[in-house]
Structures are given as structure tokens and as C-alpha cells.
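> Here's the feature list from Swiss-Prot:
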DOMAIN    1-159  domain 'Obg'
DOMAIN    160-327  domain 'OBG-type G'
BINDING   166-173, 191-195, 212-215, 279-282, 308-310  GTP binding site
BINDING   Ser173, Thr193  Mg(2+) binding site
REGION    333-366  region 'Disordered'
COMPBIAS  347-357  compositional bias 'Basic and acidic residues'
Amino acid sequence: MKFLDEAKVYIRSGDGGAGAVSFRREKFIEFGGPDGGDGGRGGDVWVEAVNGLNTLIDFRFQQHFKATVGTHGMGRNRTGANGEHVTLKVPVGTQIFEEDAETLIVDMVTEGQRFRLAAGGNGGFGNAHFKSATNQAPDWANPGLEGEEKTIWLRLKLIADAGLVGLPNAGKSTFLAAVTRARPKIANYPFTTLHPNLGVATVDEREFILADIPGLIEGAHEGVGIGDRFLGHVERTRVLLHLVSAQEEDVAKAYTTVAHELEAYDGGLEDKPEIVALSQIDVLDEDELKKKLKALQKACSKKPMMISAITGKGMLEVLRALRDVIVENRSYDDETISQRPKKHRHKLEDRPQHENGPEESEEGEE
């Protein structure tokens, strides 16, 4: 399935039906009086967050969504039928913006969340509503109100527990493929990964979601390369795993380049917990490895972990470190939520070790 994380769509709710001008006509009843019914209400346009979707690709082929109009009122005080609603089904994590692409309307962060984007127009009153002591036979009725129309932007920010960041060819996709059932494209050239990939990792019977985004390069926050476009997908993560390839000539520069881009990106990524790991260590001898590990430790001011997705070395330790941070943050979130006033499979242990080789505003419908 192709990945699309931004879409522009046009929505229009239904017009209300017109009220009817009608008079009661029955045998032997000379002055039956008005009996025009009201028009039906136009349909609404709703958005709903659903599981099982991780792309907005459906909105590439359909950009116009229109609810149906309410039917007109009829004689004998019959009210017209309401128009049918239209619901846009989007992945959990989708944000809805106004046409300016900056004003946030709603953030769809939980499964089943619904929000009304455009309300249908009310139906018009039939002439029976306008009967009075001074006007026993009104010959007019109200037209239905027009529905709302607008252009909106849908922007998807995937919800994952941990995000993988690093330069191109740092081994992020290889890591994701090794610890989850995800099968991202892997090749020995930069920007093999062109869109984010998600996978579910399991360690010690605990599951968490990993997000792999395209590699970052210097100047990414200014639009250089493609990684900056996808940084929004790791904004919601609880921890970042920063991979630095042992094949880099200068591992310290490789680390600081990405760290600078995270800091320059306006999304609070520099404040997230970070685990640093020297990847692809199977390609170096022991002396060279020690030298690069020391340089990386000096650059990041913490002891980096060492991993090889090919041999499996250090992979379990990294997963456990990620799990510990995620569990700690989840516990903090749960505690924070509990203090608020209430309002209305793929296991690494099973992987063979090779010595060589390769997350409506529920507003009910009215």
C-alpha cells in the first residue's frame, strides 16, 4: 500500500429542505387551514478515527465529500426526510486543519473518536407554523438553510512508542526488520527508505510500536533531503533511538548533524528521551570499534550502546532499554490522567544468532 500523509479535501454538508405551502382540502371542510410540513435537515459531514489504517492514500482518489440535502416538507403536516450524513474515515493520529493549513480544527488521537466538520442546514418551516389569529391562511413558508462548505487539510502523524532517527544508511530499516515483522526496503544506498514504516516489537512479553522514518541530512529542517517532511511522525513517540553507523568516517559529526536537525525542528524532539546506539558494529575490528565508541560517547555525553542487526549482538539490550523508557512514560501518563478531574510478534529471543554473514471529541449526532 502506498503511503500518503497529507491530503486536501473539499467538504459540503447538505442544505435543509424547504417548508411546504399547503392547505387542508377535504370534503365538507370549507376552510381547512394551512397544513404545510417542515423541510428535512441536511446531512452532516463527520470525521472518524479508525484502526487498521496508516495512510491517507484513499483521499488521493476522492477529494470531494458532500452530504445529501433534506427533502422538502409536504402537505398534511408531513416533515421531509433528513439528509444522509457523510463520514470521512481516517487513521488514528490524523490532524484536521483549516484551508490555511495552519489552524488546527481537531486532532484525532483515539480510536472511535468522532467530530462534526460541517453541520447540515436546518429545514424551513412550513406555512402551518405561521398561522395566527390575524392570518388564518398564510401562503408562505421558509426555505431551508444552506449547508456549510469548506476546504480542509488532513495531516497524518503516526502514533508510535519509539522512533528511529539517524543519517541515511544508519541501519534503521535493518533494525526494524530484525526486531519486528515489518519488511521495509533495504539497500546499500542513501534514501532507500522513502516513507515511514511501522513495526511491533516484542520483548519480555511486552509489545511496543517502532516508527522508522527516512534518514536526515544536514539542512533537513530547511527542506534539504526528505527526512524533515516525516519528522512529524516521531513527534508523538515516547523515546527516540538514535542510530549512528560504525561505517561513518566521523561518528561524532554524524551524531551532531542529526541532533542539530532535531533541535532545529519545531516539534519538541530535542526534549524527548534519547537512546544512542552505534550500529553495524560487525564491520569493524575491536580496536577501530573502541576508537569510534569513545568518539561517539564524547559527542553525545552518554554511553552509547552497540548493536548489529546482522549478528544480533546488543539488540535485546537496546529493546529492553526502549521498553523501560516507554513503560516509565506510560506509567507517568496514566498517573497524570488519574489525577485529572473526570469530564463529560516477533520476539528477538526467537531469532537465530549468526556468527557470520549477513496512538469525538465524542459529540453525538443530533
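Yeah, the Cβs are placed from backbone N, Cα and C, and that goes for glycine too.
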> Averaged over the whole of the domain 'Obg' (1-159), what is the pLDDT?
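In the predicted model, the domain 'Obg' (1-159) has a mean pLDDT of 94.
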> What does DSSP say about Gln280 (GTP binding site): helix, strand or coil?
coil
> State which of the following binding-site residues has the fewest other Cβ atoms within 10 Å around its Cβ: Gly166, Pro214.
Pro214
> Near Lys172 (GTP binding site), how many other Cβ atoms are within 10 Å of its Cβ?
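A 10 Å sphere around the Cβ of Lys172 (GTP binding site) contains 31 other Cβ atoms.
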> What same-chain residues, at least 6 away in sequence, bring their CB to under 8 Å of the CB of Ser308 (GTP binding site)?
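When sequence neighbours closer than 6 are ignored, Ser308 (GTP binding site) has Ser279, Gln280, Ile281, Asp282, Gly314, Met315 within Cβ distance under 8 Å.
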> Between Gly166 (GTP binding site) and Ser173 (Mg(2+) binding site), how many Å separate their Cα atoms?
11
> Just going by other Cβ atoms within 10 Å, which of the binding-site residues Asn169, Ser173 has the emptiest spot?
Asn169
